[in-house]
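Everything on this sheet refers to the single structure shown next.
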């Protein structure tokens, strides 16, 4: 039974890796080619490109850790390897999460309708707001890495004192839980920001529709359409984000059955669903990416049909 479940999870994992690489690679290539052609790039395209690159790195880092832990499990007990892997994953995951949060902030400032002077000031300085948010997040990244490295050093030193097999296994589980628990705490901050933005967008849409009804105007104006489109993307993003966050919470818990190999693969599948699935949402939600994707599909279809035609 476990072998069947494990095989199924590996197939799903493989599909997610392919989707993640193709989807995020597509976003990065399209925006970089457009940048090279126009000699300029908009703020939202900058965020899209950086997010796509960070998610490509996330997919490959997760794949590297998975293969290393399966094939060279002894390496995962050394301090140097643990620090390299954990720090790499922490940094990549940090930018993956915070760039997505910055994208939410950008959409909120550009779409929401509030007459508050502070909000209007932030809207006019949206590029500065995004830049400052990323810079401030680096402080959290520094603290996150510092805490994780401290726990790794302490845990490895304890393991060296007691080198029995059971202590080796327990120590690996302990390090993993500390690592995941720490990342869960630091992931909760951008998650809270994104959730707040989502609620504010709903409130903005509600007040906008209320004003439209009061003025007896058509509710299907450009602002309403933009609100609904942004909320649709945010709902999907929040759903994937919530699943990813809950997976971190469960992995960092002390329930022993969650330490089994099958559950480890299950959590890997959940972790990859966020960067892989959200890339598809971004492509479908962005007009330039969507049109380029459709054109690419039609070109590939035409090329395939032409190749199948028999020669004279």
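Numbers here mean position along the shown chain, with the first residue as 1.
Cβ coordinates come from backbone N, Cα and C, glycine included.
Database features, via Swiss-Prot:
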- 2: N-linked glycosylation site (CARBOHYD)
- 86: N-linked glycosylation site (CARBOHYD)
- 162: N-linked glycosylation site (CARBOHYD)
- 1-9: topological domain 'Extracellular' (TOPO_DOM)
- 31-46: topological domain 'Cytoplasmic' (TOPO_DOM)
- 68-90: topological domain 'Extracellular' (TOPO_DOM)
- 112-133: topological domain 'Cytoplasmic' (TOPO_DOM)
- 155-184: topological domain 'Extracellular' (TOPO_DOM)
- 206-229: topological domain 'Cytoplasmic' (TOPO_DOM)
- 251-264: topological domain 'Extracellular' (TOPO_DOM)
- 286-312: topological domain 'Cytoplasmic' (TOPO_DOM)
- 10-30: transmembrane segment (TRANSMEM)
- 47-67: transmembrane segment (TRANSMEM)
- 91-111: transmembrane segment (TRANSMEM)
- 134-154: transmembrane segment (TRANSMEM)
- 185-205: transmembrane segment (TRANSMEM)
- 230-250: transmembrane segment (TRANSMEM)
- 265-285: transmembrane segment (TRANSMEM)
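Comparing the glycosylation sites 2, 86 on other C-beta atoms within 10 angstroms of each C-beta gives the minimum for 2. Below 8 A, the CB atoms of the transmembrane segment (47-67) and the transmembrane segment (265-285) form 3+ pairs separated by six or more positions in the chain.
The listed stretches are 10-30, 91-111, 230-250; of these, 10-30 has the most Cβ pairs under 8 Å to the transmembrane segment (265-285). In this structure, the C-alpha atom of residue 2 (N-linked glycosylation site) lies 28 angstrom from that of residue 86 (N-linked glycosylation site). Counting same-chain residues at least six beyond the ends of the topological domain 'Extracellular' (1-9), those with a Cβ under 8 angstroms from any Cβ of the stretch are 261-262, 265-266, 268-269. Residues of the same chain lying 6 or more positions beyond the ends of the transmembrane segment (91-111) and with a Cβ under 8 Å from any Cβ of it are 43-44, 47-48, 50-51, 54-55, 57-58, 61, 119, 122-123, 126, 129-130, 133-134, 137, 140-141, 144-145, 183, 186-187, 190-191, 193-194, 197-198, 200-201, 204, 223, 226-227, 230, 233-234, 237, 241, 275, 278. Taking H, G and I as helix, E and B as strand and the rest as coil, DSSP gives the topological domain 'Extracellular' (1-9) the counts 8 helix, 0 strand, 1 coil.
Residue counts for the topological domain 'Cytoplasmic' (112-133) by DSSP state, with H, G and I taken as helix and E and B as strand, are 16 helix, 0 strand, 6 coil.
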